[in-house]
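Feature list (source: TrEMBL):
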type	residues	note
TRANSMEM	47-69	transmembrane segment
TRANSMEM	81-100	transmembrane segment
TRANSMEM	112-130	transmembrane segment
TRANSMEM	175-193	transmembrane segment
TRANSMEM	205-223	transmembrane segment
TRANSMEM	229-247	transmembrane segment
TRANSMEM	259-281	transmembrane segment
Amino acid sequence: MEAARRRQHPGAAGGPGAQLGASFLQARHGSVSADEAARTAPFHLDLWFYFTLQNWVLDFGRPIAMLVFPLEWFPLNKPSVGDYFHMAYNVITPFLLLKLIERSPRTLPRSITYVSIIIFIMGASIHLVGDSVNHRLLFSGYQHHLSVRENPIIKNLKPETLIDSFELLYYYDEYLGHCMWYIPFFLILFMYFSGCFTACKAERWMPGPALLLVAPSGLYYWYLVTEGQIFILFIFTFFAMLALVLHQKRKRLFLDSNGLFLFSSFTLTLLLVALWVAWLWNDPVLRRKYPGVIYVPEPWAFYTLHVSSRH
């Protein structure tokens, strides 16, 4: 009877089935093992290069492309060239994030990864619509350094309920869209970062191409943090990464080349944000738009206030 019970439930008494199940659960939940600590990944030059390039072209470059291309090619009642850039970004970025997760030396939880990617795409798509309308309003005299109700082309609209509709559009663009876009984005980067530790001394240095990518990567994240108004999310992620580095150091585990690249990029971003805030600290107009303790002006607000107004 005992033998029959064991044949029916091969994992019940610590047999091969139990060992296989334990191994599956360990891999599924991403616990750090000695093998994972010893196993390191080479620097992902291709992924980091494509990631940085598409961030600059498809995200940073889309509002610039919208202003550069003739308006006759993309009428105001049709998507702009920047909108097509955004559509491409919404497809390419999740793909690159998934490829980055696949190359992690550590097994990461798939459920959290997939849900984060889904929310990321939803948030970026919501932002696509709101940002498209807001940037098209620039051609009608909309000023980004002013609030919605203070804008000359908005405050005299009749009936006044139309102003509420524009504020709802601004909410979808700047708040809901950004939260659903950036929270899963930084969560995925942090999960990947958690697997970038090694005990091998030879893997603790960045190769030359990685050093060249740190500056454009850090500069892009500066734009992301300031324009996206996500300084709290960024600083929380940065200090979580720092705490993880100090914790793993006590176990004699150190960042590999990929982890060093990501941490160096974020460190440069923090420095650039501090310089940006210090430079515009006494600007009265921007101070009025960004009240409160955390003062991080948007680059496009600075552009409409100090650059486009001169022309």
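Residue numbers in this text run from 1 along the chain shown.
Positions of Cβ are set from backbone N, Cα and C atoms, glycine also.
Where the annotation comes from TrEMBL, it is an automatic prediction and has not been curated.
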Which of 47-69, 81-100, 112-130, 205-223, 229-247 has the most Cβ pairs closer than 8 Å to the transmembrane segment (175-193)? 112-130
Answer with yes or no whether the transmembrane segment (205-223) touches the transmembrane segment (47-69) by the criterion of at least three Cβ pairs under 8 A, sequence separation 6 or more. yes
Top partner of the transmembrane segment (229-247) among 81-100, 112-130, 205-223, 259-281 - counted as Cβ pairs under 8 Å: 259-281
Is it the case that the transmembrane segment (205-223) and the transmembrane segment (112-130) have 3 or more CB pairs under 8 Å, with pairs at least 6 apart in sequence? no
